[in-house]
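Participant: What TrEMBL lists as active site is Asp98, Asp344. Among the features that TrEMBL reports, domain 'Peptidase A1' is placed at 82-473. According to TrEMBL, the signal peptide annotation covers 1-29.
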Amino acid sequence: MAPSSSSSCCVFFTLFVFISLFLFCSASGALVFPLKHSFSRTQFNSTHHLLKSTTVRSASRLHHHRHPHRQVSLPLTPGSDYTLSFSLGSQTISLYMDTGSDVVWLPCHPFDCILCEGKYNPTSIPNPGPINLTSAVPVSCKSRACSAVHSSLPSSDLCTIAKCPLEDIEISDCKSYSCPPFYYAYGDGSFIAKLYSDELSIPMSSPSLILQNFTFGCAHSALGEPIGVAGFGRGTLSLPAQLANNSPEIGNYFSYCLVSHSFDTNQVNRPSPLILGRYSVDEKMKQMKNYYSDYAYTPMLENPKHPYFYSVGLEGVSIGKTKIPAPASLRRVDRRGNGGMVVDSGTTFTMLPLKFYETVVTEFDRRVGPVLKRANPVEDKTGLRPCYYMDSGSKNVPQLLLHFGGNSSVVMPRRNYFHEFVDDEKVKRKVGCVMLMNGGDEGESGPAGILGNYFQQGFEVVYDLEKKRVGFAKRKCASLWDNLNQH
């Protein structure tokens, strides 16, 4: 059932024992809780190191989206992901929130993580787990969830792997046999987990919102991945999909608003609101200067090969007044599941196919290059280009617009696509880099591009699963967080 407006502000999840999610309720009944950026400068010895690490990670994410070993796509290296926190009784655990992933999994005792030293900073992710789930119920090999996590493998095959006798398989009597462990591999790590189910309860009103048989993965071994994931993708095992089975008004509509940070630790520490369901916009919020604006919606594209992606069509990019049409691979998804742009909270930088990327940055350089000197050493050290020495200031940096399908255009704030920082060399100079990356050849399989979370800063990004559309609205995300929690 829908949450009532008079419900208390704390929201709890239960996985057999009480699990509390640090959520809050707005007056309109939407569920709001904080996303925390996992970035920490102590992991990096320079800005160059930070940016280079992040470009490598973004490229690895795109490679995995195109060549997945499993359906899920996971964070690969530390420094740029958003986390949400759960508590289990006296235990608390932090998970990555990922729209490019379609399963919820947790590290569980006993947990053996190989090559996990330095994969995260305890000051930014203080509760990595593992946790005890001693009373959770294993999922049956006959269940739809088991088939989904094993890439739609038939239940007869899965029950055979689970050692269900032939006579029981023939009469479909294998319910007592557990779903086999599943293996996920990604760019530079992997894990093995088993599926469990339990009751998930959100006691906001009477009666409580209760999800029976909430399904999640419990990992006992991992390679290079110590942090679990709360998948928000379009798959049947994602958190929104499971919520939608019982409460469509919450699970079928969610949004987040990422506070603009530009890798500034003071800004990173501000919570970014993650909102399940619709919230009311009062007159005070509407009247706030530069606060409230309408959404620019673009249709979701269906992907037959990767149905869990939030794919949209990018029609073009404008640099100043010059509009550059996007190639067909970015505008649509073909019958083999190739093409389109994935809106991904788990990838930092926005990536475009090679030829289109070159056209866009060449137009950018045509406008900026005569005024600002190229910072070639910075490009080599960061993996970003073009970069410039900002001796003449930033007034010559042109505006950038994204044109999406459905006749929808979004004006990007300059800080989203042009990052200015002080070069770490002996002679310190202010430099600026375009925050776009080369996504490789257009003919590669999988998505043609990724809209990363750096471009999404300062926007409320809404995922409307009923109307199959993604919306963008410019917001002051810190103010949105404050206003929603005043109700």
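Including glycine, each Cβ sits where the backbone N, Cα and C put it.
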Participant: Counting other Cβ atoms within 10 Å of each Cβ, which of the active-site residues Asp98, Asp344 scores lowest?
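Facilitator: Comparing Cβ neighbours within 10 Å for the active-site residues Asp98, Asp344, Asp98 has the fewest.
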Participant: How many Å lie between the Cα of Asp98 (active site) and the Cα of Asp344 (active site)?
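Facilitator: So the alpha carbons of Asp98 (active site) and Asp344 (active site) sit roughly 7 Å from each other.
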Participant: Suppose you look only at the domain 'Peptidase A1' (82-473); what would the mean pLDDT be?
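Facilitator: Looking only at the domain 'Peptidase A1' (82-473), pLDDT averages out to 85.
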